[in-house]
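Colleague: Sequence annotations record features per position, and here TrEMBL assigns domain 'Tr-type G' to 106-277. Annotated GTP binding site per TrEMBL: 115-122, 165-169, 219-222, in sequence order.
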Amino acid sequence: MQAPSVGGIMLPRGNGATVRLSRGASLTDFAEKINANPASLVQVMLNLGEMVTATQSVSDETLQLLADEMNYVVEIVSPEEEDRELLESFDIEFGENEGGEEMLVSRPPVVTVMGHVDHGKTRLLDAIRKTNVVAGEAGGITQHIGAYQVATEVNEEERRITFIDTPGHEAFTAMRARGAKSTDIAILVVAANDGVMPQTIEALNHAKAADVPIVVAVNKIDVEGADPTKVRGQLTEYGLVAEEYGGDTMFVDISAKQGLHIDSLLEAVVLTADAALDLRANDAQDAQGIAIEAHLDRGRGAVATVLVQRGTLRVGDTMVAGDAYGRVRAMFDDKGNNVEEAGPSTPVLVLGLTNVPGAGDNFLVVDEDRTARQIAEKRAARERNAAFAKRTRRVSLEDLDKVLKAGEVQQLNLIIKGDASGSVEALESSLLQLDVGEEVDIRVLHRGVGAVTETDIDLATGSDAIVIGFNVRAEGRATQRAEREGVDVRYYSVIYQAIEEIEAALKGMLKPEYEEVELGTAEIREVFKSSKLGNIAGVLIRSGEVKRNTKARLIRDGKVVAENLNIDGLRRFKDDVTEIREGFEGGINLGNFNDIKVDDVIATYEMREKPRG
Ligand code: GDP
């Protein structure tokens, strides 16, 4: 008996040629690139032991495996890179200011307010909006469009600040997870009567991971028992040292409720921006930026708030936002006024898009409607493909070694959640002490007490981190989110086990665990001798089914007498078959192994990867 025929296909041979494929490509896409028949690639995968259809989106690993087999070098292009290339093919550069230094004008900082629940984020955003109407634009502020701009006087100069009006770091993180940088400065709100709380730390870590400077607003100073000094002390432990203590973080004591020191807070934002950032943009080019919020309005169609980051957006411009496009029909500012144009750092509500872009999608103005449509359509198609492949994109402990070798990651990012601050700290410090050689750094992006939340998953998505849950589980929709985004979440209840696994992963020793699954047993009724194939067992299948190319052991009188055998050949009557089920007779060839007797039992099994838990 022989190995199964591969159907006589000619394996395409790449001779080391490079094929560029987008993440989430299908075998058909691959076949197109190398001028092969998709069906032949399906067959190749089948021979490699993977069942995939021609049009299904496959993982990076599968593309790699297939390429190796056919001697191609595959280059998988990330969505961001692909988008850049897509835009480049239209001669558009996204994300850079056009022209040289002389084209740049200063722009207002864009600020996000973050902090623990109930510490006053919403109240603060309201207070700022109410007390600081841009000069000359006084009037009813009625619109919530997702962002607004205020003016404040610093050193006798009018300075503007743009606030993203979705409190909490969810929006911030969700946008960052999608690769969009929306924020220049974060205001961290800490209630002085409550002090630093888990989400304070979470917010702080998000801002740090995004490399965004922080201004601390110590809120609720009007409340009895408020202790702003204590907050300063607590935050020192997290690397935020107040200026008055010799650090470089500005702390401002405020009361959002009484409107106390809001001006000082705004001044601190401006001063921090001046000290830490160079906020300038070309206001003369075609507008570019990001979508902050969008919804479908029954009367007006798609309504999107966009933040212009560079250039000037005008009514009549043709724009693309994510996979939506259209001509700007009308624009409104955060006070509901009709506006004709919007420059850098200005949020505006835009009417005229074909559909609703996602929060964090980038937008850009192009010359022709046709270009806009083409870009939008290509993006929509890519989104669909990528959604399938996403699951396997992220770093997991198993593939860490591979990724490290490929030089993609020099840093293992971790997010640690646990049941108590003591255990979390213990785990963190042990992990940080792991000696794993020079090439790899362990970085704990965030640690906290409590369940693994959706925000943790978002942070992990944005930073390719692995999430560790110690004596805690996922909460809400975090598990689904992790699965969708392909984030590796691991749960432990014993510290040393967590440490061992991470260490093993870093040293490339974390092999998947396999378990044996019994498939079937066959009783030998007769032994045939074949000059070509050696001894063949005539069998009756007693249980399950016996499949070709699976592992087997030989049992005689209840004892295992031979291990690690292989079902090399399987026949029913004169035909080669792939399996024989319980109750049927057939012939089994165990390859080179010939020591079989009547009444022996051939037990077949398969090794399956065990889910870790
Ligand atoms: P968020 O969850 O961080 O958005 O917090 P909110 O802005 O909803 O505020 C939570 C509660 O604290 C509300 O009842 C607010 O009225 C109250 N609050 C917010 N700021 C202050 C403040 O400065 N002083 C006092 N006394 N209460 C405040």
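Glycine is no exception: its Cβ is also placed from the backbone N, Cα and C atoms.
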Colleague: Any same-chain residues 6+ apart from Ile221 (GTP binding site) with CB under 8 Å of its CB? Would you list them in sequence order, or say none?
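Modeller: When sequence neighbours closer than 6 are ignored, Ile221 (GTP binding site) has Ala192, Pro228, Asp253, Ile254, Ser255, Leu260 within Cβ distance under 8 Å.
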Colleague: Looking at the binding-site residues Asp118, Lys121, Ile221, which have a C-beta within less than 6 Å of some atom in ligand 1?
Modeller: Asp118, Lys121
Colleague: Using a 10 Å radius around each Cβ and all protein chains in view, which of these binding-site residues has the most neighbours: Gly115, Asp118, Lys121?
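Modeller: Of Gly115, Asp118, Lys121, the one with the most crowded Cβ is Gly115.
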Colleague: Would you identify the secondary structure of Gly115 (GTP binding site) according to DSSP, in three states?
Modeller: strand
